[in-house]
Amino acid sequence: MTLIDLANPTRFLALTARVLPWLAAATVILLAIGLYQSALAPDDYQQGATVKIMFIHVPNAWLSMFVWGVMSIASLGTLVWRHPLADVAAKAAAPIGAAFTFLALLTGSLWGRPMWGTYWEWDARLTSVLILFLMYLGLMALWRAVDDPSRAARAAAVLTLVGAINLPIIKFSVDWWNTLHQPASVMRMGGSSLDKSFLIPLLVMAIAFTLLFVTLHLAAMRNEILRRRVRSLQMMQASRMAFSSEMGAGSRQNNASNEVGAA
C-alpha cells in the first residue's frame with residue numbers, strides 16, 4: 001500500500017482498524033517491561049532514587065519535540081502536496097503533543113526540586129519547552145476558533161512550520177547557553193555515557209512511549225475523520241432542509257397567486 005492509497009480516508013480507516021489492536025498490545029507489553037526494568041535499575045550515587053524519574057521524563061521530553069516534527073511534516077503536506085489527511089494528522093497530534101510536553105515539564109520540575117532546590121528556573125531549556133507547550137495550546141485554540149476548515153488548516157500549517165524553529169533551540173540550548181541541564185548523554189558523538197543499567201530501561205521506555213504516541217495518534221486521526229464526515233452529513237442535511245423549505249414556500253406562494261387569479 002502506497003502513500004497515495006493512504007490518502008483515501010476510507011482505506012486509512014480500514015488499515016488502522018486492523019493495525020491499532022496490535023499497536024496497543026505492543027505498547028502495553030513494552031511499557032510493562034520498561035517499568036519493570038526501571039524499578040530494578042540501581043539508585044544513582046549522587047541523585048539516589050530520584051534518578052528514576054528520568055525513565056518517564058526523558059521519553060516525554062523526546063516526544064514533545066518529535067510530535068511537533070510530525071506536525072511540521074504534516075503541515076508541509078497541507079501547504080505543498082495538499083494531502084487529504086495532512087491536516088487531520090496535524091490536528092490529531094496537537095493535543096497528544098501538548099500532553100507529552102506538559103508531562104515533561106511536570107516530571108522535570110519534580111526531578112529538579114531535589115537536584116536544584118527549586119521546581120522552576122528560567123533556564124534556557126525549561127523556557128523553550130514552556131514556549132513549545134504554549135504553542136501547542138495556541139494551535140489547538142486556532143483550530144477551534146476558525147470555522148472554515150481549509151482556512152484553519154492553512155493558518156495552522158504556517159504557524160507550525162514557523163514554530164519548528166524552536167526545536168533546535170530546545171535541543172542545543174545546553175550547548176549554546178550556560179544552563180542547569182547537562183549535555184546530551186544518550187545520543188552523542190562517541191556513544192552514550194549512561195551505564196547499561198540505566199540505558200536499556202530508558203531505551204525501552206522511549207520505544208514504548210513512541211508506540212503509545214503512534215497508537216493514540218492513529219486513533220485520534222480516525223476520530224477526526226469520522227467527526228468531519230458527521231459534520232459534512234449534517235451540513236448536507238441542513239442544506240436539503242433549507243432547500244425543501246424554500247421550495248415549499250415558493251409552492252405555497254404560487255398556489256396563493258393562482259387562487260387570487262381564479263377569484
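First residue shown is number 1, and so on along the chain.
The backbone N, Cα and C atoms fix where each Cβ goes, glycine too.
Among the features that Swiss-Prot reports, transmembrane segment is placed at 19-39, 61-81, 92-112, 126-146, 157-177, 198-218.
If you look at the transmembrane segment (157-177), the same-chain residues 6 or more away from its ends with a CB under 8 A from one of its CBs are 65, 68-69, 71-72, 74-76, 78-79, 86-87, 90, 124-125, 128-129, 131-132, 135, 138-139, 142, 183-184. With a cut-off of 8 Å between Cβ atoms, the residues of this chain six or more beyond the transmembrane segment (19-39) that come close are 52, 55, 200-201, 204-205, 207-209, 211-212, 214-215, 218-219, 222.
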